[in-house]
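Novice: The feature domain 'ABC3 transporter permease C-terminal' is assigned by TrEMBL to A:75-184. Residues annotated as transmembrane segment in TrEMBL: A:20-45, A:65-93, A:113-143, A:163-193, A:205-225, A:237-270, A:291-315, A:335-358, A:389-414, A:420-442.
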């Protein structure tokens, strides 16, 4: 019997939440990718049929600018969605470690085990991505009700071209294979078990330096690109593409510096934490700052964009139909981006936290046996997400402060301000609630028999 | 160390009588003369599952654990030794029978009160340490103290003393992943003793260590517990491990089958 014959026996699905978590991650990642890319193609389709020389009072004249905004939102959300897919792959791999060790015991070589591990992750990615496309199809009709100041989008417009779906499934599968292969580099699977790379996470200050350089570069590009684009055949298209690319790079750079900030803040907090829950939460965050940042990065970007667009809609109030339509579109787009980012963050946080509880079930149990009340275990988990949420809230607060300035100047914008603050509260609250999803699991594993 | 392996006790040596089982002693036995035991168990029965699938784990256990005494609980797999430890520590409530700690009946306490009792009066050492991987050695030791209400400053001062005493000076800021198995288990012992418990419960504390390291850890565990005035209840299947304790009970099918007292060179005989 070859190893491939044995593999299905050893890697049989056990069911339960541990097996479902990676699939949920892949499904959410795929659904968001399909929905965001579908939205971008909808704007592309509309922009392509805008007649030459359309009157500026016609709302369709806004489409090229809206297309730029959609590209920026896509550049913002796609890396986060891909990050969730990558995290799901690593999670899937970690769930299988004991089985893979068993396969080493029955004679598998490292190369064979590595191949089987990656194939197993890819299989879960395929199941998850198919479920994600189903989810995307289920959600799309509701999106036709969104008001972008244009004729409502149809379901057909908001869907990807038919060939796009298999390509997306393939892309998610490839991403999962790559992430799993990368994850395998950090573990040694031996017949006696799995040895994990236990190096302490250290964040280099180089991350900060790179971020500063990229911000300077972005500022320069913002000045230079429109001038250079003026000489191109299609200046708007060139500007759109270049700015979207720069936005993606800027988002990437913030994602580079974000974990560094979280890591530094967590270490400082851990060193002075007066309460046990804060100590544990800060240490866990310092041990995995990337996961902590991933929990709130999308929401933070979403909050900044929503704040900026809210400000724009306040100043841009107009009786001109085209301008009013543009403001409506920007408002809808901003909050839609924030909503998608919040869902993405909540799923990512929920999956990561649940996986951690399963991984550390023995530690949770021993802590409870030693006298730690369940409530203290829960507080430590909330403290872990609390710091990244605080960072996001500070950024949201700064955005809100920007909104308050016109109020002080006498402009009547209480409505948009309240709308923004409520949205921030809901988005951040959703992430916090996603931690509570695994609260019953904590209680169960802590009270379980050894 | 003046220890004699239990198996080295001559066959003719009289073992202590097997304590009476439940049913034969319907009322709790009166306390023996002398200092009261720190833990007293009477007529303990515990069954997992219900009706047809019920599996008895404890089948009428009477046991007194004296102050600062070290007790090994031995027996084959499934004999009920870990269940006994869990019942004595108030982790699970027995199906029948009583456990008193310092005269206080555990069965009358709520789950929250038993959790508080474990935090304030008991210490635990597990087979594989079960340290929080993200915390440093020092933080692992101060955590239970902080949970019990101590300030970080006070808990840190005490914890440093314990870590130094257990041979871990200079390793306070290491994570469990950066420590050897023996060092990690010493941290777990420091964590168990830092709260000044009356009883330390250890479940196969050397099960994950090699023989030499295991022996060193055992010495540290027993001596540190004795010096701290804490009783030690240690579950093991290894006679060599049990040999370091003053008393050993051998369990089979949920009952105490035999009891041994360690014969020291000074005593020259089995007590």
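Numbering starts at 1 and runs along the chain as displayed.
Keep in mind that glycine also has a Cβ here, set from the backbone N, Cα and C atoms.
Curation does not apply to TrEMBL; its annotations are automatic.
What you are looking at is a predicted structure, and each value in this text was computed from that prediction instead of being measured.
Have a look at these and tell me how they're positioned relative to everything else.
Specialist: Sequence-distant neighbours of the transmembrane segment (A:113-143) (same chain, 6+ residues past either end, Cβ-Cβ under 8 Å): 3-4, 7, 11, 22-35, 38-39, 85, 88-89, 92-93, 96, 100, 103-104, 153, 155, 158-159, 165, 168-169, 172-173, 175-177, 179-181, 184, 189.
Residues 238-239, 242-243, 246, 249-250, 253-254, 256-257, 259-260 of the same chain sit 6 or more residues outside the transmembrane segment (A:205-225) yet have a Cβ under 8 Å from a Cβ within it.
Using a Cβ-Cβ cut-off under 8 Å and counting only residues 6 or more beyond its ends in the same chain, the transmembrane segment (A:420-442) has close neighbours at 17, 295-296, 299, 302-303, 306-307, 310, 335, 338-339, 341-343, 345-347, 349-350, 353-354, 357-358, 364, 374, 377-378, 381-382, 384-385, 389, 392-393, 396, 399-400, 403.
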Novice: Across the domain 'ABC3 transporter permease C-terminal' (A:75-184), what are the DSSP residue counts per state (helix, strand, coil)?
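Specialist: The composition, in the requested order, is 89 helix, 0 strand, 21 coil.
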Novice: What mean pLDDT does the predicted model reach across the domain 'ABC3 transporter permease C-terminal' (A:75-184)?
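Specialist: Reported value for the domain 'ABC3 transporter permease C-terminal' (A:75-184) is a mean pLDDT of 86.
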